[in-house]
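Peer 1: The structure that follows is given in the form of structure tokens.
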């Protein structure tokens, strides 16, 4: 159930170049039951910046009423958010959207989780949920360069974790697909979140696999009212059929929407 709440900053730190880990506390956490959902953050008081920022939920601790989100500080809004200190309040709307279907993976199966850049964070909560139900997890994390790699060790605690960097400064040189090819990775179900180029590459390979992708889109309202984040359906690529990433997604079965 979506709610709005002023949540307390428990901790915030930079964990890689311009990548921040923000932990917030509040009873809203009790509504966060679906990995892959996101929250809409009002980054500052007043009207500037006007629009909220959508940020994925990385980790949920309902016993402490705390959740963690990771984000890249690159624009005015996220740079403002990066200045928030312990004890301050943050206006949070959420949880929003439809997340990853954990129930589609069965105990004893192997799930491949592929993340690219700031698409990596929502896979962490997903991985924990899968491990808890007896699913073997393999992670492939793609980044541009070593300076922006994060959470490699945390994912490795849950299952095999491979890193690819475009410039080869850490892990396998190249893209996430190069890791799959190099290690001959096989799996029963795929979950992925990241840039469109990466998602397209995975879709081209695994149309016949059970697979789910999470889209990263700029959003206005976050609740399906403004139509700023619509995407066409593959069965009607130039027609009037569409899905809204914020409310129908951000997670879709592979092959459903036009990437």
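Cβ from N, Cα, C; glycine included.
So Swiss-Prot lists these for the protein:
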- 53, 54, 55, 56, 70, 71, 72, 77, 78: FAD binding site (BINDING)
- 221, 226, 229, 246: [2Fe-2S] cluster binding site (BINDING)
- 2-102: domain 'FAD-binding FR-type' (DOMAIN)
Peer 1: Please name which of the binding-site residues listed here, 53, 55, 70, is nearest in space to residue 226 ([2Fe-2S] cluster binding site), Cα against Cα.
Peer 2: 53
Peer 1: Could you say which of the binding-site residues 53, 72 has its Cβ with the most other Cβ atoms inside 10 Å?
Peer 2: 53
Peer 1: Using the centroid of the Cβ atoms of 53, 54, 55, 56, 70, 71, 72, 77, 78 as reference, list every other same-chain residue with Cβ within 8 Å of it (recorded FAD site), in sequence order.
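Peer 2: Apart from the listed residues, the neighbours are 41, 69, 81, 118.
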Peer 1: Whole number in angstrom, please: the longest C-alpha to C-alpha distance across 53, 54, 55, 56, 70, 71, 72, 77, 78 for FAD.
Peer 2: 15
Peer 1: Measuring CB to CB from residue 70 (FAD binding site), give everything in the same chain under 8 Å that is also at least six residues away in sequence.
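Peer 2: Result: 15, 19, 20, 21, 22, 56, 58, 118, 120, 121, 150, 151.
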Peer 1: About how far apart, in whole Å, are the alpha carbons (Cα) of residue 72 (FAD binding site) and residue 229 ([2Fe-2S] cluster binding site)?
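Peer 2: Rounded to the nearest whole number, the Cα-Cα distance is 20 Å.
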Peer 1: Would you mind reading off the Cα separation of residue 55 (FAD binding site) from residue 246 ([2Fe-2S] cluster binding site), to the nearest angstrom?
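Peer 2: If we compare the Cα positions of residue 55 (FAD binding site) and residue 246 ([2Fe-2S] cluster binding site), the gap is 11 Å.
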Peer 1: Could you check the binding-site residues 55, 226, 246 and say which one's CB has the most other CB atoms within 10 Å?
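Peer 2: Max Cβ neighbours within 10 Å, all protein chains included: 246.
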Peer 1: Within 10 Å of the Cβ of residue 229 ([2Fe-2S] cluster binding site), how many other Cβ atoms can you find? Include all protein chains, please.
Peer 2: 24
Peer 1: Under a three-state reading of DSSP, tell me whether residue 78 (FAD binding site) is helix, strand or coil.
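Peer 2: The residue in question, residue 78 (FAD binding site), is helix (DSSP, three-state).
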Peer 1: So how many of the residues in the domain 'FAD-binding FR-type' (2-102) end up helix, strand or coil by DSSP?
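Peer 2: Once the DSSP states are binned, the domain 'FAD-binding FR-type' (2-102) shows 12 helix, 49 strand, 40 coil.
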Peer 1: So, in DSSP terms, is residue 226 ([2Fe-2S] cluster binding site) helix, strand, or coil?
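Peer 2: Once the DSSP labels are grouped into three classes, residue 226 ([2Fe-2S] cluster binding site) ends up as coil.
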Peer 1: How big is the gap, in Å, between the Cα of residue 246 ([2Fe-2S] cluster binding site) and that of residue 53 (FAD binding site), rounded to a whole number?
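Peer 2: Here the two Cα atoms lie 12 Å apart.
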Peer 1: Please list residues from the chain of residue 78 (FAD binding site) whose Cβ is under 8 angstroms from its Cβ, counting only those at least six apart in sequence.
Peer 2: 20, 43, 53, 71, 72
